[in-house]
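Right, one structure below, let's go through it.
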Amino acid sequence: MDIAAILAAVLAPKLVVTVVVCTFYGAFVGAMPGLTATMAVALLVPFTYFMDPAQAVAAIVATTTTAIFAGDISGALLRMPGTPASAAYVEDSYAMARGGRPRTALFVSLFAACIGGIIGVAILSAAAPQLARVAARFSSDEMFWLACLGLSCAVFVGGASVPRNFASLFIGLAIATVGIDVAVGHPRFTFGINDLLDGISFIPAMIGMFAVAELLRNAETRDPVRLGRLKVEGLGKAVAAGWREVRGRKINVARSGIAGTVIGSLPGAGADVAAWICYAISRRFSRTPERFGKGHTEGMIDGGAANNAALAGAWTPALVFGIPGDSVTAIAIGVLLMKGLTPGPQIFSTDALLVYTLFGSFFLANLVMLLSGTLAILAATFLLRAPRSVLMPSVLILSMLGAYAILGSTTAIWIVLALGLLGYLMSHAEIPIAPAILGIVLGQVVEDNFMVSMMKAQGDLSGFFARETAAFLGVATILIWGLLLVRAGLELAGRRPAASSRETNT
Amino acid sequence: MSPGCAGQTTMINRTDLLAGVGLFVLGAAMAIEARGFPSLGGMAFGPDLFPTITAVGLMVSGVGIVAEGATPARRAAAAQAGEQARALWPMLAVLLTIAFFALTLPVLGFHIAAALAMLAAVRVFAGGWGLALSVAIVAPVITHVIFYTFLRVPLPWGLMAPLAW
């Protein structure tokens, strides 16, 4: 790919403006407790409908990059992580803020996030085209197994127990079966509603499950956030101290940047899982593990670098195989499909410029984040005083009109309502949302490839293992199913802690 | 939390029981509906195959969640969480606001429907009447600019149709 063409695409004024605006939007939403990075993207999607594909992916990338960092702001100042990805090291950043160094804590996070993000996108841009070359030879058999492997992986790494993860996945797959089927064109589960013939529209579904479900949870808790008096250090001092801390821990940043990318690339394991694992690794190898959780920067650097690196990692399976690595890339795949682009190995040859523009926007977003992040840190106390009674209704009206804008019919608003309630009930029953999202996105891919392979093999299941790669992927999938059965057995026997309430979305 | 409840455990975690049974019933309904789908010419399978697999998956996970609800850990969790008072009405009010908006949008038009929805929503999230009225006046203007003027979404004007531009 011609470097000059990529640079021209990435530095096009329209794209740069989109990235800058979205980093500020991401910083704002991420900093608010109760508004997650995924919600920020779900609310952004109706706007991406009116953008060209490169601009749309740049907007999504820039929003999530900053939102994940900004989650640390309310984490440090209120001990309420703005996004689940900041939860791993919230004790440390809060302790630092209480100790009179809130800005230093946030600049440590900002620098770690920026470098971690850049490591992530460097790995993504090196690995994805190579993997795509391998994936280009896949037939419906391999694609079926790969999608199954992705879904099983989501169940395997999800935070909750096996039956809950499976329940979530099947809820997603059930939603995906609504609409006209591919084989004979029979309408399924449409209840005579014409707007459902094309299936449950993806964007209203996302808005419902992420924005409205979150809104309903917020409606339950009525305690307004109180920001106490806080001693704040000077900006110059905080920047210098933050940089010194991060520079002194190069190995941590490199280790967690790489590990975060790899973890992020596993379907179902998002930025939050990456942060938890890298924080734990950091503590395990630290010379001073006893200082973790008490305002020590080491774990913050590891967790902060890992969660931003994971964002880029999640794009690897999304671009190469069309299998999302987390909820945000699931939404992004939906956006690309809406624009007539099918993520998968062929996108590297048919729309190479788009792919490289995506990589470029990731780099750009991480750099612009230094500016928007600094402004967000300066405005932190002001941001956190934004009244919930205006913020939540704003999310509500954006959700409803955003959904309407996509479908042009009030059916979209009913989908938002139904799936919002479903998402709320799922979280109430401690059923994670992320596998359901993967199910909604991948349901049709799995079914299409399954039906094509079934027809090829005339219903003979051994046909799914006829090709060498397909057989390998099939055995790997069945092996994961076996492990999941063993794990479910252990959970029921009480040998392994079951359902944790930790959400797996970012 | 009422006194004495922390130590008591129930036979089964009630949320798990409800969730599991709900999933099972949903799966069963889906499987029954799928049996009515036409078959693929000359083959033993058709559009019903994938929904049936999904339905069975829902039923099995439902059973799994009920079984999990009977484990000591989940029963203890139920006893601990059971007494947390939850305000149900704000949640219902948000749902009603969305339903109201969906029903009235084509009739009243988006300016009026948005104003009324915002008035209700600010009140639900504990804002005062003054704030609620201000938001109800400002929100339709902002949404008009963003969605109608900028994004060119053909939002219905309803009662305001004579003033449409």
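Cβ from N, Cα, C; glycine included.
Heads up, TrEMBL stuff is auto-annotated, nobody curated it.
Transmembrane segment is the annotation TrEMBL gives to one range among A:28-48, A:196-216, and that range is A:196-216.
Feature annotation (TrEMBL): of A:80-105, A:106-131, the stretch labelled transmembrane segment is A:106-131. Residues 37-38, 41-42, 45, 48-49, 53, 56-57, 60, 64, 128, 131-132, 135, 143, 146-147, 150, 202-203, 206, 210, 264-271, 310-311, 344-345, 347-348, 355, 358, 433-434, 437-438, 440-442, 445, 505-506 of the same chain lie 6 or more positions beyond the ends of the transmembrane segment (A:318-338) yet place their CB under 8 Å from a CB of it.
Below 8 angstroms of C-beta separation, residues 37, 68, 83-89, 116, 119-120, 123-124, 150-151, 153-159, 292, 299, 302-314, 316-317, 323-328, 434-435, 438, 502-506 of the same chain, each at least six residues beyond the ends of the transmembrane segment (A:258-281), sit close to that stretch.
Comparing A:57-78, A:106-131, A:143-160, A:358-384, A:431-450 for CB pairs under 8 angstroms to the transmembrane segment (A:196-216), the maximum falls on A:431-450. When Cβ-Cβ distances below 8 Å are used as the criterion, the transmembrane segment (A:106-131) is approached by residues 65, 68-69, 72-73, 76, 93, 238-239, 241-243, 245-246, 253-254, 256-258, 260-261, 264, 297, 300-302, 304-313, 315-316, 319-320, 345, 348, 355-356, 359, 362-363, 365-367, 369-370, 373-374, 377, 380 of the same chain, each at least six residues removed from its ends.
In this chain, the transmembrane segment (A:470-490) lies apart from the transmembrane segment (A:57-78): fewer than three C-beta pairs between them fall below 8 angstroms, excluding pairs fewer than 6 positions apart. Through the fold, the transmembrane segment (A:396-425) approaches residues 42-43, 45-47, 49, 171, 175, 193, 195-196, 200-201, 203-205, 207-213, 215-217, 433 of its own chain, all at least 6 residues removed from its boundaries and within a Cβ separation under 8 Å.
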